[in-house]
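Read the structure below first, then the notes.
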Amino acid sequence: MHRYSWYLAGFVWLLWAVGVTFLVSPAELLSHWVIAPTMLVGSFIAGSTSAGGGAVAFPVMTLIFHVDPPVARDFSLMIQSVGMGAASIGIVLMKIQIDWRAVWLSNLGGLFGLMIGFEISGLMSPPLVKMFFVSLWLSLALALFLVNRRNASIVTELVYPNRLLSVALVLMGVLGGTISGITGSGLDMLVFAMLTIMFRLSEKVATPTSVVIMAVNAMAGTTLRLIGGGVWPEAVAFWWCAVPVVVVGAPVGAWFIRNKDRRFITNWLYVAIAAQFIGAMVIVPQTYQTLCLVAATTYLGSLLFLSMRRWGPRFT
């Protein structure tokens, strides 16, 4: 990890120590401490894959700790603001290649998507939200696996020959931001899918790009929640416990993945998604309704992602 990332971690630890001294009771920290080891792993995965910290935090909190989805969503956005923000700084300091245009275009749409997601987040029951989340990630893994089997050529830099590609990124940002507004992450996943499947950008570039995308989206989502009436108090309590570990775990993840080849990166992503889905199927009581949602989301999601492969040449 870059030495300046350690300086940043030390600065955050200092602010955290001051904050917990004056703003948080010891009893509150002790009652929520279990999130810390969880997010140590989650932040490492967030820094090393396109699966943001929320992709770990949301299912773990809702499936294992039985936290309500809106609370898990708020926590996911808040903690990614710190963890993936730290990872993004580490990525920049290590001079890892990023598609900055994709970052800003997708987040332009993502800002509006967040507003939509916050408004509609209460329309689905907690079990359905949980299964929708893991099924959508599973559909990405399936599509990415099928596309990569063809050994198609890849690029390490995107060219923006016309406005179509920019418009596509903004529109995908709206959809991804909406999912982030419901589950706490999603923009990074959809843009990663677009970059790798639709435009055949190498995962070595798309992965750090997606980390920065989600960091910006998480900061925007947290700000909107604070302006719009505040985050859930329980989410804040979890956040205080997780801050010291994510500010290290995410940059370490970015450092770990920096020299790995694209096959290792995709395999690492497959493992993370498979573990997430299997855990959800075991822990969430399955009903006819949830199983139908899993089947529909996995099928339609895979269809969407695979269709991107055919649409790609029209935009580039």
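Placement of Cβ uses the backbone N, Cα and C atoms for every residue, glycine included.
Annotated features in TrEMBL:
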type	residues	note
TRANSMEM	7-27	transmembrane segment
TRANSMEM	39-65	transmembrane segment
TRANSMEM	77-96	transmembrane segment
TRANSMEM	102-121	transmembrane segment
TRANSMEM	128-147	transmembrane segment
TRANSMEM	167-199	transmembrane segment
TRANSMEM	237-257	transmembrane segment
TRANSMEM	264-282	transmembrane segment
TRANSMEM	288-306	transmembrane segment
Surrounding residues of the transmembrane segment (167-199) on its own chain - C-beta under 8 Å, 6+ positions past either end: 50-55, 57-58, 69, 72-77, 80, 99, 101-102, 105-121, 124, 129, 132-133, 136-137, 140, 143-144, 147, 155, 158, 205-207, 209-211, 213-214, 217-218, 221, 305-306, 308-309, 311-312, 315-316
Range from 7-27, 77-96, 128-147, 237-257, 264-282 with the greatest count of C-beta pairs under 8 A to the transmembrane segment (288-306): 128-147
Recorded stretches the transmembrane segment (77-96) and the transmembrane segment (237-257) touching, at least 3 CB pairs under 8 Å: yes
The transmembrane segment (264-282) versus listed stretches 7-27, 128-147, 237-257: most Cβ pairs under 8 Å: 128-147
